[in-house]
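Student: OK, TrEMBL features for this one:
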- 1-219: domain 'SAM-dependent MTase RsmB/NOP-type' (DOMAIN)
- Asp6, Asp34, Asp57: S-adenosyl-L-methionine binding site (BINDING)
- Cys110: active site, nucleophile (ACT_SITE)
- 473-484: compositional bias 'Acidic residues' (COMPBIAS)
Amino acid sequence: MVIANDVDMKRCYMLIHHTLKRFRTAACAVTCEDAARFPHISDSDGGLIQFDRVLADVICSGDGTLRKNPEIWKKWTPQDGLGLHRMQIAIARKGAQQLKVGGRMVYSTCSMNPIEDEAVVAQLLRDSKGSLKLVDTSSLLPELKRETGVVQWKVFDRDMKLYKSLEDISEEKMKKVIVSSLFPPTEQEAKEMNLHFTMRITPHAQDTGGFFVALIEKVSETSFDPSAANGPAWKKKKMFKDEPFTFLKLDDERWNDIRNHYGVDESFLYQNLFSRRLESNDANSRQLFYANDAVKNFVKENMSKVSIQNAGMKMFSRTEGKVENTRFRLSQEGIRYLFKFMQKQKVKIGTEDMLFMLKSDENLVPLEKLECKGDVRKQQNGTVVVYCDDDEPVCTWVGYHTIAPYISKEERLHLLRMMGVDCAEIELLMKSKRKEKAAQDREAAWARKEEAAKAAEPSSSSTDAPESAETLEIPEENVQEMTE
């Protein structure tokens, strides 16, 4: 199981829509929590879940991205790192607490500033009292050009005033900003900490962004001081309400319909299918998602205390079409997993037929043009899975005279590449179409803005203006279904 967390709901949405929809896994859940205060999560026996690996890619000033964000040159001040330092320590500390003994955590930023990098790692090691250690990464990724971590750095305030120690602070207000964890370790601490095991990747060395990476291993259970400051709490914006996860029960009538139509083997764990609807409204769900046992148990035990935005992958979508003999069609997102359990509604086709369908400019491909038309027509109309290779099945919709792949443009490109086709021209065409659509969307947005501005002007004929669309209450939806 992989749990991916972000405190920002919009970033969660992007993670779900742009990453997981292509990754297609039943073993991942996306949560929206403040990482420094991530709740303790339980397993089905009530025990604490700890992780084999943690990636703490913490919030940072981002000054390592200055090649793609040149405005950083003008805006950067030491205050950027000072303001995030305590929050970064808190997130790293929580990540270490979530680790199993023997587990490893990567602490990373896209900042070059030691205040956000080595200073945070040094304080984490101090707080751990020997339960954490840095791992030597010099033999890992030998072709990666990197510099070793530093053991000395300088501490400045916003106005570039240099502080050599806490004793240099005279103003009371600065005592909250310039804290002891900002300063470099003593000579003895530096020897014990091995900060040179960390790595800094500079942008110019290998044509990359700038990164700092530290690999930390947990050698014994941590016992951090509970009174240690966690940094400021992140104010999370609520965009969507968290709908519950309702898993299918034994002998669910929807499953009987699906199993009979697609000939799904009895070994398939159908009770791992779920909807994002209240149990009272579950029968009307539009999608059914699938999660593996680990994610299912995580969701059932923790959905009341963790904001879970997405879990597993979409496997079935409800259809109201008159042609199909089942209420649910298959989803391309989940077909690779389901395919091995299916006995019906699937046809092996030749490479030429597959290429013809994938390259076709028409959404509806005439069956008469395909060699496999006879085998396809033996299946019931509706969703039929076609495949040349068991690892790359394709969901299609079959009508009386046509067949249409149920896949995105990106999926088409992927399949064509896997079949050895040069997709440079197709990609160029897609890019130009995207630019054209983006320009049209911008024009439409400006037009809507102008119309809204005109509508907002006071009318001389009436004082009672109708309520605008923006002020009408819009029903909330959950992220997992919004991404569909």
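Glycine is no exception: its Cβ is also placed from the backbone N, Cα and C atoms.
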Student: Cβ within 8 angstroms of the Cβ centroid of Asp6, Asp34, Asp57: which residues besides those meet this for the S-adenosyl-L-methionine site?
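Tutor: Here the nearby residues are Asn5, Val7, Asp8, Arg11, Glu33, Ala35, Val58, Ile59, Ile91.
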Student: Using C-alpha atoms only, work out the spacing between Asp6 (S-adenosyl-L-methionine binding site) and Cys110 (active site, nucleophile) and round it to an integer in Å.
Tutor: 16
Student: Which one of these binding-site residues, Asp34, Asp57, has the sparsest Cβ neighbourhood, judged by other Cβ atoms within 10 angstroms?
Tutor: Asp57
Student: Let me make sure I understand the span of the S-adenosyl-L-methionine site: among Asp6, Asp34, Asp57, what is the greatest distance between any two Cα atoms, in Å?
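Tutor: The two farthest binding residues have Cα atoms 13 Å apart.
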Student: Would you mind listing, in sequence order, the residues at least six apart from the residue listed as 'active site, nucleophile' in the same chain with a Cβ closer than 8 Å to its Cβ?
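Tutor: The answer is Cys60, Gly62, Gly64, Thr65, Gly209, Gly210, Phe211, Phe212.
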